[in-house]
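In what follows, a structure is listed as structure tokens, so that the remarks can point back to it.
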């Protein structure tokens, strides 16, 4: 198993209600990378994340850490993929710490009030990394949107899975929280995780990601380093915008400017 | 770092302590109500007499009253109350919906139909398992149908409408059987099943119901941690390794076994499954896994108390315990609807 390819997809396709939502997507993704998955609404970004995690049936091959996804049990998948859905839904007013502790569920630590030392340490690390320790006792339903998103992020970090899939984790957050969340994900990538994050913010994608996957109408339209993937042609064709571009602190700045 | 660690440590103990105390207090209450249930009736016995008679002391009359007449009744009250409370908490956990409960889903009504059908066909007798098996199958079908109709992420409105449809159908089917029954005795028997009572139960009834109730309770309780994972929604629970489809099937089986077997020997006793988890949440928190045991104990206490009440309330003829629980439960249900009005209104928009 080479370092350069941890998660592979070949000819990935997904049909939902008779409609092809994903068509022939092939990916090779490496650990220690933050990958931004961008595309217009309805391009199939969420579907791709779900398919990669094995949460919905797909055609084609997915290999994770050298093992075929279809050969893995539900729990083995759960240990490999930490999945953060949109919206951070929590149906009961549980304390934040119990939510984070659910990240240890795949490890067999199903009861948050009886965590072993390893699981407890993982929960602690995740809460420290996301600055949520002070929220531990609070009920998640009483938290602000920004606090809730950090708790949700702590939950997926606590899985300590090799692949972290985050679906629009910065949606409806103020600029500071957006930067915080992207930085936490950046930190996770730097410490060895393959992070795939769906975002509509091309600026954040260009600023934080190692590589960008551009999805359009269920197909990969472009992929590569932010400046290579988010070219003017791609922005015009896929997003129907033109952008202002600059360099700031040796990072690419992309700001969608005009409808194209 | 250390400050954070300390904070986390105190949180754990603070949450664990009251829950243990509350469970103990509930156990004590249930124990006292058992004694009360054994002591109350046409012949009133003091708790000491009851304890003596229970363990073979005292007069022969007291022994017969306590051991053979009242003990089966108390055991059934305990077991059925507990399984109703547990089923309610499990269904609310599965559906992440505080209005879920066996009676709103028509499970007891369907079980009653199964039981009544057996009576009308002349297949029921106190020693045969036809009655509980038919009741269990009928309640399985009703809960399965409800979840199939309402789907995985059902809102309250959908659940309540589907439950209403299924309980109305089961009720109509039961009335049809009664309607068609040629023997007036059968019609009387059926009417009794629709009311729900713990009167005059023997150990035969206990033997008919208890094994199924115990298995159903074990199944529901074994899934407790999955309910907590489901707090994050079905998809996220799946991503944590919970087989949601299997879980749903297990809950349907557990509820059907428990409620079906209970109804088969007592008739329909409603609303305990709805009320018990709500009474417990302010005390033990909203964690659906930690709610199961307290809800079961609370359900047992409620049914035992109701069954004592129907013996104490002076009336010209017997009040059935199922009538009493509905009389208390329905206003409570209305109160819940008022409280959840906003989200219900949102569901309609």
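In case you wondered, yes, glycine gets a Cβ from its N, Cα and C as well.
According to TrEMBL, the transmembrane segment annotation covers B:21-41 (among others).
The transmembrane segment feature in TrEMBL is assigned to B:74-91 (among others). Long-range contacts of the transmembrane segment (B:74-91) within the same chain: residues 30, 34, 37-38, 100-102, 105, 107, 198, 201, 205-206, 209-210, 213-214, 216-217, 220-221, 223, 227, 251, 254-255, 258-259, 261-262, 265-266, 269, 272-277, 280, 288, 291-292, 295-304, 307, each at least 6 residues beyond the stretch ends and with a Cβ under 8 Å from a Cβ of the stretch.
According to TrEMBL, the feature transmembrane segment maps to B:103-123 (among others).
According to TrEMBL, the feature transmembrane segment maps to B:129-150 (among others).
Positions annotated as transmembrane segment by TrEMBL: B:157-182 (among others).
Tertiary proximity for the transmembrane segment (B:202-221) is limited to same-chain residues at least six positions away from its ends with a CB under 8 Å from its CB atoms, namely 68, 72, 75-76, 79-80, 82-83, 86-87, 90, 126-127, 129, 131-132, 136, 250-251, 253-262, 264-265, 292-293, 296. According to TrEMBL, the transmembrane segment annotation covers B:202-221 (among others).
The transmembrane segment annotation in TrEMBL covers B:249-279 (among others).
Positions annotated as transmembrane segment by TrEMBL: B:291-309 (among others).
Under the heading transmembrane segment, TrEMBL lists B:321-338 (among others).
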Inset, instruction - Answer yes if the transmembrane segment (B:157-182) and the transmembrane segment (B:249-279) have at least three CB pairs under 8 Å among residue pairs 6 or more apart in sequence, and no otherwise. - result: no
Legend entry - Chain residues outside the transmembrane segment (B:21-41) and at least six past its termini with a C-beta under 8 angstroms from it: 47, 49-51, 54, 65-66, 69-71, 73-74, 77-78, 283-284, 293-294, 297-298, 300-301, 304-305, 307-308, 311-312
